[in-house]
Amino acid sequence: MQGEEQFSCGVVIVAAGRGERAGQSAEGPKQYRTIGDRPVIAHTLDIFATWPGAGPVVVVIHPDDEELFAAARKRMAGALELTVVHGGATRQLSVLAGLEAVAATGVEYVMIHDAVRPFFDHTLLDRCGAALRDGAQALLPAIAVADTLKRTKAAGLVAETVPRTDLYAAQTPQCFRLEPILSAHRRAAASGRSDFTDDASIAEWAGIPVLLVEGAVDNFKLTLRRDLSMADEKLTRMAIPDVRTGNGYDVHQLVDGDGVTLCGVFIPHGRKLSGHSDADVALHALTDALLATCGAGDIGDHFPPSDPQWKGAPSRIFLEHAARIVRERGGTVTNADISLIAEAPKVGPHRQQMRENLAAILGISLDRCSIKATTNEKLGFVGRNEGIAAIATATVVYASRSKPDVDDRY
């Protein structure tokens, strides 16, 4: 969000519920149940902890949950300064307690979020923050209803089909200018009203215009036991590393000359490799292998042999370029393996320097770089000393994406 560094929004995390519909558990209410490897509330707090727009954070808990919350807080991935207050008999009164605590900090805006919605992200927070900065007094992230809706009567019989036009499913964080929503909550409490199911409803009752903003499909509330199971499965899938393997193959002809360059090492020899660049067949194969891990084409796409600027160029330039593309796309090179197929020259005496060159270019440790060599048993063009071939394999781990490549809801 542009100008985010000047924007500060108070946060109220509502975590005082007992979660009866999720069933009983030795771990306590659902906000303290483990999904992935940490409590639900720890996942939720971590997202606010890393959002630049987050100001003072107040967590509203049940008086009986002090120890549960303290334990959950220790499981957070990052640090977050926060204030803990006790909730009331209803969600509405718990939110009021949180708003009173936030008001004491002097912030202008507040986000009210359910602890049991751990799958929101910074994109949603940025969208909400931008709407507040643009003048909205109250805003509600929501998703258009896609399912057909039915209203029932006695005995579970369908009474009618409800038109879903202009119907939206409300989410949190629900966001407000602090003073109007605090005033509305105080008035609602004084009036004895306790039937509001969310904070936007109180804003509507108080005459505060509520703006809808686009919610997030994954930002669902963990209500039932099956929701917790689905959340755990989702986090388990997200934790699986995105490991990709790419292969590359290259061959260059041997012609009369004084030596060959392999993995950046010049080896004196009675012949040389023919090519537009320095014809380092090993680095060319590894360049293709790296590019293959992210679908970035091949070496010819990036350095066409028809381009005179690459005439005689050292092939480390090509490998550095491929490694940079991998990094820009979120990848970390974890292994590089090259097999050279040649009758001559002997690779063994130069193997260590070759490995050191690979490690330096790729920024990885020496034990992640492998160079092997074999003859072709005098078979084929390699066996006739007409050329040298190289086969390379690269292993790259890419950062997990917050959203899958395909919609897995169905």
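Cβ from N, Cα, C; glycine included.
According to Swiss-Prot:
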| type | residues | note |
| --- | --- | --- |
| BINDING | Asp250, His252, His284 | divalent metal cation binding site |
| BINDING | Asp250, Val251, His252, His276, Ser277, Asp298, Ile299, Gly300, Thr374, Thr375, Asn376, Glu377, Phe381, Arg384 | 4-CDP-2-C-methyl-D-erythritol 2-phosphate binding site |
| REGION | 1-243 | region '2-C-methyl-D-erythritol 4-phosphate cytidylyltransferase' |
| REGION | 244-410 | region '2-C-methyl-D-erythritol 2,4-cyclodiphosphate synthase' |
| SITE | Arg21 | site 'Transition state stabilizer' |
| SITE | Lys30 | site 'Transition state stabilizer' |
| SITE | Arg164 | site 'Positions MEP for the nucleophilic attack' |
| SITE | Lys221 | site 'Positions MEP for the nucleophilic attack' |
| SITE | His276 | site 'Transition state stabilizer' |
| SITE | Thr375 | site 'Transition state stabilizer' |
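The number of other CB atoms found within 10 A of the CB of Asp250 (divalent metal cation binding site), across every protein chain shown, is 24. One way to see the shell of the divalent metal cation site is to take the Cβ centroid of Asp250, His252, His284; the remaining same-chain residues with a Cβ within 8 Å of it are Val251, Leu273, Gly275, Ala279, Asp280, Val281, Ala282, Leu283, Ala285, Ala389, Ala390. Counting only residues at least six positions away in the same chain, the Cβ atoms of Val145, Ala146, Asp147, Thr148, Leu149 sit under 8 Å from the Cβ of Arg164 (site 'Positions MEP for the nucleophilic attack'). Candidate binding-site residues: His252, His284, Ile299. Nearest to Lys221 (site 'Positions MEP for the nucleophilic attack') by Cα distance: Ile299. Closest in space to Asn376 (4-CDP-2-C-methyl-D-erythritol 2-phosphate binding site), of the recorded positions given as Asp250, His276, His284, is Asp250, taking the CA atom of each residue. Take the CB of Ile299 (4-CDP-2-C-methyl-D-erythritol 2-phosphate binding site) and look out to 10 A: across all protein chains shown you find 24 other CB atoms.
In this structure, the CA atom of His284 (divalent metal cation binding site) is 7 Å away from the CA atom of Ile299 (4-CDP-2-C-methyl-D-erythritol 2-phosphate binding site). The candidate set comprises the recorded positions Ser277, Thr375. Of these, Ser277 has the most other Cβ atoms within 10 Å.
For the region '2-C-methyl-D-erythritol 4-phosphate cytidylyltransferase' (1-243), the model's average pLDDT works out to 91.
Checked against Lys30 (site 'Transition state stabilizer') by C-alpha proximity, the binding-site residues Asp250, Ser277, Ile299, Thr374, Phe381 yield Ile299 as the nearest. Residues near His252 (divalent metal cation binding site) in space but far in sequence (CB under 8 A, at least 6 apart, same chain), listed by position: Leu273, Ser274, Gly275, Ala279, Val281, His284, Gly387, Ile388. Spatially close to Thr374 (4-CDP-2-C-methyl-D-erythritol 2-phosphate binding site) yet at least six residues away along the chain are Ser339, Leu340, Ile341, judged by Cβ distances under 8 angstroms.
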